[in-house]
Amino acid sequence: MTVVRGLVPLWRAVLVGALLCGVGLLPWLSRTDPALTVLKARSAERDPTPEALEAVRSQLGLDAGPLHLLGSWLGGLLRGDAGRSWISGAEVTPAVLQALGVSLLLMAGALAVAVVTAGAVCARTLWLGARRELAGRPSAGTGSALLSTLPDFLTASVLAAVVGVQLGWLPALGWYGPQWMVLPALSLGLPAGALLGRLLDDMLPGAFAEPWALAAAARGVRGRSIARQALRRCVPGLLPNFGLFVVGLTGGAVAVEQIFDIPGLGRLSLQAAIAQDLPVLQAGTLALVLLAAAAGGLARLVARLLVGPALRDGALSSLHRPTPSRPTALPLLYGGLLLAVIALGLARDPQKLDTTARLQPPSWARPFGTDALGRDVLARVGHGALDTLALAVAVSAAAFVLGVVLGLLPRLSGPLLDTVNAVPPVLAGLLVAGVAGSGASTPALAVAAVAWAPLSAHTSALLQQERATTHLTATRGLGAGRLYLLRHELLPAVLPPVIRHALLRLPGVALALAALGFLGLGAQPPSPEWGLLLAENQPYAERAPWAVLAPAAVLALLGAVAVTAGGGVRWPGRARRRRSVKSLAAQPPATPWSSPAAQQPATTAIKESR
Amino acid sequence: MHSLPRRRFLAGLLLAPLLTGCFASDSGEASGASDGSRLRVALAFPPAENYSPYGADATLLSRLGVTEGLTRLDANGTAVPALAESWSRESDRSWLFTLREAAFQDGTEVTPKAVAASLTRATRAKPVTAALSGVELTAEAADSGRVRVTTAAPDPVLPLRLSSPGLAVLSAKAYAKKDAVSPVGTATGPFEFTKVTGTTAATLNRFDDYWGGRAQASGIDAKFIADGTARTNALRTGETDIAEAVPVSQAASLDKAIRRDTATTRTTSLLLNTKSGPFKDPKTRAAAREAIDTSAFAKGVYEGYADPGAGIYGPALTWAADKRAKPVGRAEAGGAEGTSVTVATYDNRPELPEAAQVLKQQLERAGFKVELEVREYSRLESDALAGKFDAVVSARNTMLDTGDPVSVLASDFTCDGSYNLPLLCDKTVDKAVATAESITDTAKRQDASMAAEAAVLGTDAVVPLVHQRIITGVGAEVSGVQLDPYERGLVGLGTRR
């Protein structure tokens, strides 16, 4: 055991080294001439004459080969010198450090927004839980599911145009002081917070149903304290994901940095990746990897501080929902709406251009209006559904399987997921394209290669707690083997929340797939793939909001279906009967200040579920 | 218990200066100017190479009125005096330029020796500046305030060439450092750099000893904002006075009074692969040409901020339209039915993918089957030059750094051309271009380049789609902005707020 633990830092170092080598070999992997991309990045209109290319090559010393370049860069790094940019010739270290500072600040702002958002999302559950009125309530959260699917560039465009320009309340661009932080932090923090809030909200009922909460309530401990302890009980399971957000927001806020003109690390590494400015790209990646290691370590430390003794002593109880959340008809409603939109769209022609009817507002003839080339947006949304959903579902499923399997092996996967998560999405795309070629499956591979990380982090965090539960000790004591424990105890406890998490991330996967389009990977125009629809209509977000809102709305609907379906589906007809049965079981209508007697059925429910 | 909040407050105070380090420093209003207000300019392209005058940043320097060369281009595309008062051709290979009395921004005088040294440095730059690509040039001081410039091969367009921003004249101080050339305080233009903040901002003050008089604005605060929407927003919120290159999609959000459009020398064309694939056959190329309706692009995609494609040269070259000859030797159209083609383009300019999609529809109406391939430019170019696509939609500046209209034909459409996307190798074209290259007289050279254009169009290797217009957002109170079709000027002596 200790041997394995000792190997973890080594494994982490190997991974970081492999990543840096991959970045250093990028042009040679993808067989693009760095001299050409560097020349074009310096001067887009320069003709690539052999003499000009030769001059760049000799200036950068490219002829010495990638290994020599990498070696000398690493050598310089030991002396604290990350080299000079291939484009501008300026020193890399100060540029990367400055961009990192900007990005960290932006990330801190976004996290503050995210924490507030997550708090708002969980407020209802905490409020009800503190009053022991949770049992039997269907989980809410359609709103947060919708919010969590909002693409950050859309929020950013809308905020910049409406709050920044039209209302003039806050500066719409630049990065000169605290008031410049508000809009970018909102655009990044709202979806992140909604997602974290959803995950937390998913676990809280379990915590409120634990015996200690019951005992505390019976002892007359104030609801607020119980709620606080319930939070403390649940937050460790989310901390790894929180850490991932920290890193993801630092290196991956490219769209927001562009819209608000923020000189952050995301933009810097994107430019460096496109221009193959390797010293900058390597330094940026290294900074992110180090940040990821620090954030991961910190998350583990805080988790240990919060539930450490209980983990060590195996004294936790399982965070099952006390009662399986009551199935609702909501997924049917949302799903029906989604299907209706798709069916209506499928009956129309998504490719017919009419440049005389561009950016037409919604009308009876074209309910979702037209896009910049006069195409019917409804038709495009409908026809894009199949491609988008099939691919996104397949990638999500693969990420889920990979995430769970690797989540079972935390020592192996911990450093791996820290490293993978630190790679900006575009760089991941380039690396995968370099290794696998730019085939049809490359974008799916590239996205799956990154998308497993949050699921895996979630899985291993939940597993760690689940392994420390008392009922597991009991089962072990009865002579259960490891495989039996895994199959009958651990997986059944861990899988449902992770599945709901994976569903929640489905729209994000669809967007990530589309974001690789500009590398020549993935869907190409005029395909009506949803991510592509969002991207191509984004410049017109202010003049023709319907053209972006329609694809964003269907993605949000997809998210809503995913979240509500996680709690089970109920046919409206059958449900009514069941509810009448329940009301016979003497469950009084819940009031905010219900009497202790009213809590009785809830407690029996808990006991039955154990 | 109550000490905790206080401690937090103190921690916050201590953190504050740390945090301000993480904000970009605002170039702010540099005060102290006695008269004339400062101009705030939002530029699209940040300096790529630390303001080196030998690359793309040269254009930036000339647009901000920092640098000048011996000559400059006027609206008709002829060379007119700048730092050189006059010039004469001594022989086939040698020219004499007479300098005017002028001073560098560091206070030293512009002498023939300094000019010769500056030009010599430009010839040694690696890679050499685009205007000197393939040219061997020597400069030396001559008597009575003159500079002799000699070329290895006869160069009839040398005065045009010297107008290139890449051949700006800088003082000896600019070359003090071994590996970098600095235009900060070493150029001769009406404005000089006082502060440069990385690639995000720059501050300039008026250079009071400029030979052409004092500029009306007391200085410039330049910001580099790469995103077109953000740049437009900067103008709309009043954070800037001039916004360069407003994207077509954002033009409608600006008041009519503050958006100015200028014809540019940029032409968007469909370039057909003449070496391999279906477009190797001239008949198929002719069928593609006939299938295309250029007005749909100018109006439908560029929202009127473009002129329908007439030829390789657009209306920004004022002389081109009158001299245009009918394309010669075009083939009969045919062979479109059922032919599958791949059309590639790039998305760095959002209009291009849109144009490609309109093009796809037009070609499909004529019977072609079209597959589109859209990538980031640097991911596309090498494949396009290698002929991996059947056609490429590309926007090209037809007036290269040389200032000579023939250059673009030579590099894009001749057998030895370095940027020959249609992979054209046609004897008639090569001959016509060679003829044009040998003519000295400006008007006759223009005639010959139009004849060469006709020869290129005759092969149907290129179908001009639109001639772009550039939109500049100019605040209501600003006057005197230079709207230069060659995109070399923006802020000048008479620009003010």
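The count begins at 1 with the first shown residue.
Cβ coordinates are placed from backbone N, Cα and C, and glycine is handled just like the others.
Unlike curated records, TrEMBL annotations are generated automatically.
Taken from TrEMBL as is:
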COMPBIAS  A:592-603  compositional bias 'Polar residues'
DOMAIN    A:385-567  domain 'ABC transmembrane type-1'
REGION    A:581-610  region 'Disordered'
TRANSMEM  A:7-29  transmembrane segment
TRANSMEM  A:95-123  transmembrane segment
TRANSMEM  A:144-169  transmembrane segment
TRANSMEM  A:181-200  transmembrane segment
TRANSMEM  A:238-260  transmembrane segment
TRANSMEM  A:280-307  transmembrane segment
TRANSMEM  A:389-409  transmembrane segment
TRANSMEM  A:502-524  transmembrane segment
TRANSMEM  A:544-569  transmembrane segment
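Nonlocal intrachain contacts for the transmembrane segment (A:95-123), taken as residues 6+ away from its ends with a CB within less than 8 angstroms of a stretch CB, comprise 82, 85, 141, 143-144, 147, 175, 181-182, 184-186, 188-190, 192-194, 196-198, 200-201, 204, 245-246, 249-251, 253, 256-257, 262-268, 280, 283-284, 287, 291. Long-range contacts of the transmembrane segment (A:502-524) within the same chain: residues 145, 148-149, 151, 195, 198-199, 387-389, 391-393, 395-397, 399-400, 403, 425-426, 429-430, 433, 438, 442-444, 446-447, 450-451, 454-455, 530-532, 534-535, 555-556, 558-559, 562-563, 565-566, each at least 6 residues beyond the stretch ends and with a Cβ under 8 Å from a Cβ of the stretch. Outside the transmembrane segment (A:238-260) by six or more residues, the chain places 100, 103-104, 106-107, 110-111, 114, 151-153, 156-157, 160, 172-175, 180, 183-184, 187-188, 192, 196, 199-200, 203, 266-267, 269-270, 284, 288, 291-292, 295-296, 298-300, 302-303, 417-418, 421-426, 453-454, 457-458, 460-461 with a CB less than 8 A from a CB of the stretch. Below 8 angstroms of C-beta separation, residues 37, 66, 69-70, 73-74, 273, 276, 278, 281-282, 285-286, 289, 293, 411-412, 414-416, 418-419, 423, 427, 430-431, 434-435 of the same chain, each at least six residues beyond the ends of the transmembrane segment (A:7-29), sit close to that stretch.
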